[in-house]
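The block underneath contains the structure these notes are about, expressed in structure tokens.
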Amino acid sequence: MAIKEDVESSVQEQTREPLMQGEKNLAHGEDGSSQKSSQGHHWMIYFSTFVAVCGSYEFGACAGYSSPTQSAIREDLSLSLAEYSVFGSILTIGAMIGAITSGPIADFVGRKGAMRVSAAVCTAGWLAIYFAEGALALDIGRLATGYGMGLFSYVVPVFIAEIAPKDLRGALTTINQFMICAGVSVSFIIGTILTWRALALTGLIPIVVLLLGLFLIPESPRWLAKTGREKEFEAALQKLRGKDVDISQEAAEIQDYIATLELLPKPTYLELFQKRYSRSVIIGVGLMVCQQFGGINGICFYTGEIFESAGFSSSIGTITYACLQVVVTGLGAAFIDRAGRKPLLLVSASGLVLGCMLAAIAFYMKAHELALQAVPILAVTGILLYIGSFSAGMGAVPWVVMSEIFPINIKGRGGSLATLVNWFGAWLCSYTFNFLMSWSSYGTFILYGAINALAIVFVVTVVPETKGRTLEQIQAAINAA
């Protein structure tokens with residue numbers, strides 16, 4: 001075992017050297033070519049990112065569909081509460097399957113190929129929902145859109161990270177989360193004026209844009225290099241960086257890095273639970289548990305019904321929710337590298353607790369007929385505070401931390417495990433929400449508030465601050481703890 005660890009350490013060091021040297025050379029290029037690249041040859045990178053995040057928008061459109069359509073679908077198709085709960089939550093079952101298969105698909109057919117597969121499955125799903133005359137067709141369509149959503153959730157950020165230069169990677173990857181929120185929010189808003197069948201057809205719009213755009217953008221150069229397609233790799237990298245830019249140095253660094261990466265051991269899922277990896281796994285998986293079991297998908301999927309049950313206008317509340325989510329997510333992305341990961345998580349979780357308590361008080365007052373005129377205001381304030389707080393930190397930061405805390409040789413499997421836990425939590429929360437609300441509306445929010453309070457304890461005691469540290473420094477800090 002000691003020999004194996006020494007070999008891993010040696011290979012890790014070899015991997016870091018070309019990366020660190022590459023960063024230095026790209027930042028200060030000897031001939032100035034990298035500086036020239038960073039000043040005016042990024043239009044293809046921006047365009048490729050725009051095409052890819054159409055998949056992120058589709059992700060949001062799938063997630064946001066069930067909230068504004070619940071009453072209309074149940075009435076038109078005579079669905080019971082249990083049948084609609086299956087429809088709402090089966091999306092996350094599809095997403096779990098999509099997340100599990102996303103890595104092999106993206107490795108086999110490429111990043112663009114995986115996006116095409118996802119777009120095709122989503123198209124079939126939306127059409128099944130549009131033509132549905134009963135629960136079975138609805139569920140099949142919802143499962144298909146969930147599968148496409150799970151595939152998009154992996155391949156879009158991976159594609160962006162692989163095409164972007166170092167100085168743009170952080171900014172471009174935040175667009176992924178922003179477009180997910182935009183997709184959810186637009187679905188909420190236009191769902192208040194469109195029929196549920198028409199809203200399903202709007203889910204095809206980003207797919208059409210994505211499929212057309214994929215004909216115009218290059219494949220990920222790193223995937224092409226990994227699969228040994230040297231000429232295509234160089235052509236794709238040249239197209240991304242600009243025809244007048246010298247890419248020879250960056251191309252050599254990418255190929256050297258990939259060659260070194262192949263020497264790293266590829267542990268099985270069981271080996272993730274060895275002592276040397278356990279803290280990274282606990283942090284990554286624990287943050288996903290905190291994010292999902294605090295109630296976000298139940299509240300997100302059924303926002304309209306929550307407002308109606310509190311005696312507030314579903315349309316006004318949903319539109320306000322949608323706008324707030326987009327604005328706060330944008331602000332959170334802007335401050336994540338200034339305020340730090342841990343402070344944002346703590347502020348976010350504290351706001352979630354307070355929002356749950358306000359909503360619980362409102363529904364308690366309604367159940368016991370106390371100051372009924374104050375119930376709508378309290379409930380709306382609590383829900384909006386909850387959504388704003390989640391968007392500020394707990395929504396995006398766990399994904400950022402997860403990408404930072406796993407060693408490079410287990411990043412794929414560790415990330416897959418954390419993503420699977422995330423989607424399982426999303427399914428469990430969305431499936432049980434209506435049943436919990438039927439049991440006790442205020443009890444539901446007390447339960448979510450308690451879970452978010454435990455999340456504060458977890459962040460304080462377990463999660464490290466990763467702001468301003470290299471990945472190597474983060475790993476050293478985790479292993480030393």
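Glycine residues also receive a Cβ, built from the backbone N, Cα and C atoms like all the rest.
Please treat TrEMBL annotations as automatic predictions, because they have not gone through curation.
Model, not experiment: these values are computed from the prediction.
Straight from TrEMBL, the features:
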- 1-35: region 'Disordered' (REGION)
- 43-66: transmembrane segment (TRANSMEM)
- 44-467: domain 'Major facilitator superfamily (MFS) profile' (DOMAIN)
- 86-106: transmembrane segment (TRANSMEM)
- 113-132: transmembrane segment (TRANSMEM)
- 144-164: transmembrane segment (TRANSMEM)
- 171-190: transmembrane segment (TRANSMEM)
- 196-217: transmembrane segment (TRANSMEM)
- 281-304: transmembrane segment (TRANSMEM)
- 316-336: transmembrane segment (TRANSMEM)
- 343-365: transmembrane segment (TRANSMEM)
- 377-402: transmembrane segment (TRANSMEM)
- 414-433: transmembrane segment (TRANSMEM)
- 445-463: transmembrane segment (TRANSMEM)
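Long-range Cβ contacts of the transmembrane segment (414-433) within its own chain (Cβ-Cβ under 8 Å, at least 6 residues beyond either end) map to 85-86, 88-89, 91-93, 95-96, 99-100, 103, 150, 153-154, 269, 272, 277, 280-281, 284-285, 287-289, 291-293, 295-299, 301-302, 402-403, 406, 444. Residues of the same chain lying 6 or more positions beyond the ends of the transmembrane segment (113-132) and with a Cβ under 8 Å from any Cβ of it are 52, 55, 58, 62, 77, 98, 102, 105-106, 138, 140-149, 151-152, 154-156, 159, 197, 200-201, 203-204, 207, 210-211, 214. Within the chain, the transmembrane segment (316-336) has long-range Cβ neighbours (under 8 A, six or more residues past its boundaries) at 67-68, 174, 177-178, 181-182, 184-186, 188-189, 191-192, 303-304, 307, 344, 380, 383-384, 387-388, 391-393, 395-397, 400.
The highest tally of CB pairs under 8 A with the transmembrane segment (196-217), across 43-66, 343-365, 377-402, 445-463, is held by 43-66. A contact links the transmembrane segment (171-190) to the transmembrane segment (43-66), because at least 3 Cβ pairs that are 6 or more residues apart lie under 8 A.
Proximity of the transmembrane segment (281-304) to the transmembrane segment (144-164) is not established, fewer than 3 Cβ-Cβ distances being under 8 Å for residue pairs spaced 6 or more apart. Taken together, the residues in the domain 'Major facilitator superfamily (MFS) profile' (44-467) have a mean pLDDT of 86 on the 0 to 100 scale.
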